Amino acid sequence: MSNNNNSNNNNNNKPLEFNRETSKFRNWVRIGSDRFPPEANRYHLYANYGCPWVNRVLIVRNLKGLQDVISVSITEPRLYEREGWPFNPDFDEFTTDDAVNHAKNIPEIYRLSDATYQGRFSVPVLWDKKNSVIVNNESSEIIRMLNSEFNQFAKNPQLDLVPSDLQVEIDRINELVYENVNNGVYKCGFSPSQEGYDIAFDKLFNTLDELEERLDTNRYLVGDRFTEADVRLFPTLIRFDAAYYVVFKCNLKRIQDYPNLFNYLKELYQMPALQSTINFKHIKNGYFKSKPSLNPTLIVAKGPSTDVLLEPHNRDSKLPIKK
């Protein structure tokens, strides 16, 4: 996931805030492309159920009905310092091996594509099985490809998560949510300074307040239509109380403490295409065990209960969608 903002510096030239490294593989699958045309069973996703950036891609894959078109491998949730995310089918019934390249971990995938690669070994990764290269590792671009470029193979080609009449507002909301919420929780958790943490913390909760107010009169983030903006907010909201509140010190409020946001979250979680992408065991193991600097004991918190997410929401009665 890219971040175009540069870190601010204090008087000691120490960074004040966490700065996310820009994704390096930025090719596109496009209709009419000579190098990366859309084809069924040509592309493969390397994924991790703990990762929110992966989550958005898995959601769009489900919503568009591309499960039989784009295959997927699921890593172990924990990120290890040396080997990154490993493929370990013995971890549980949800993890897999790498049936495409038979790699042991995600760094091997990057080096198979580019032996000279220097950078973060992040997920998601969209892999071209025909040319044995990484196409793209930027989630915001991958979900746009899945939304528009594979319709001839999709079970739900009529679904458009970025309709042209809403794109300007979707892009505006996406930018706000990315800077202050999606990436904002990471700015809190990985801030190298108290000042940077305080700034990120305030922006995060000010934006959550803004979204809470917005959802008081809007069924979804952009009116009464479920769009890409909702896809991009959901992965952060669903991880917030279980992980970010504790591990990243985002502890002013829980999502459960926001009536509109929480009912909105329940509505989204109860959509089968979204709920099937959520694995709380993987989410917790990923966040509580991947960074000893944040959680030295690596003990995974037992709570909170996720049963409340299945309780009835009020969105239908509060903001019925006009037919």
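Any Cβ shown, glycine's included, is placed from N, Cα and C.
A quick note: this is a predicted structure, and the numbers were derived from the prediction, not measured.
What TrEMBL says about this protein:
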ACT_SITE  CYS51  active site, nucleophile
ACT_SITE  TYR186  active site, proton donor/acceptor
BINDING   TRP85, ARG120, PHE121, SER122, VAL123, GLU138, SER139  glutathione binding site
DOMAIN    163-293  domain 'GST C-terminal'
SITE      TYR244  site 'Lowers pKa of active site Cys'
SITE      TYR287  site 'Lowers pKa of active site Cys'
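Where TrEMBL records a feature, it is marked here on the structure.
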{"residue": "TRP85", "record": "glutathione binding site", "DSSP class": "coil"}
{"residue": "ARG120", "record": "glutathione binding site", "DSSP class": "coil"}
{"residue": "GLU138", "record": "glutathione binding site", "DSSP class": "coil"}
{"residue": "TYR186", "record": "active site, proton donor/acceptor", "DSSP class": "helix"}
{"residue": "TYR244", "record": "site 'Lowers pKa of active site Cys'", "DSSP class": "helix"}
{"residue": "TYR287", "record": "site 'Lowers pKa of active site Cys'", "DSSP class": "helix"}
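For the residue listed as 'active site, proton donor/acceptor' paired with TYR244 (site 'Lowers pKa of active site Cys'), the C-alpha to C-alpha distance reads 8 Å. Here the candidates are the recorded positions CYS51, TYR244, TYR287. The one whose C-alpha lies nearest to that of VAL123 (glutathione binding site) is CYS51.
When the Cα positions of TRP85, ARG120, PHE121, SER122, VAL123, GLU138, SER139 are compared pair by pair, the longest gap among these glutathione-binding residues is 17 Å. Regional average pLDDT for the domain 'GST C-terminal' (163-293) in the model is 99. Of all the recorded positions given, namely PHE121, TYR186, TYR244, TYR287, the one with the smallest number of surrounding CB atoms inside 10 A is PHE121.
Counted within 10 Å of its Cβ, the other Cβ atoms near VAL123 (glutathione binding site) come to 23, all protein chains included. Comparing Cα positions, SER122 (glutathione binding site) lies closest to CYS51 out of the recorded positions CYS51, TYR244, TYR287. Here the recorded positions are CYS51, TRP85, SER122, GLU138, SER139; the one with the fewest Cβ atoms within 10 Å of its Cβ is GLU138. GLU138 (glutathione binding site) is 22 Å away from TYR244 (site 'Lowers pKa of active site Cys') when you measure Cα to Cα. On its own chain, ARG120 (glutathione binding site) has GLU21 as residues at least 6 apart in sequence with a Cβ closer than 8 Å to its own Cβ.
Ranking the recorded positions CYS51, TRP85, GLU138, SER139 by the distance of their Cα atoms from the Cα of TYR287 (site 'Lowers pKa of active site Cys') places CYS51 first.
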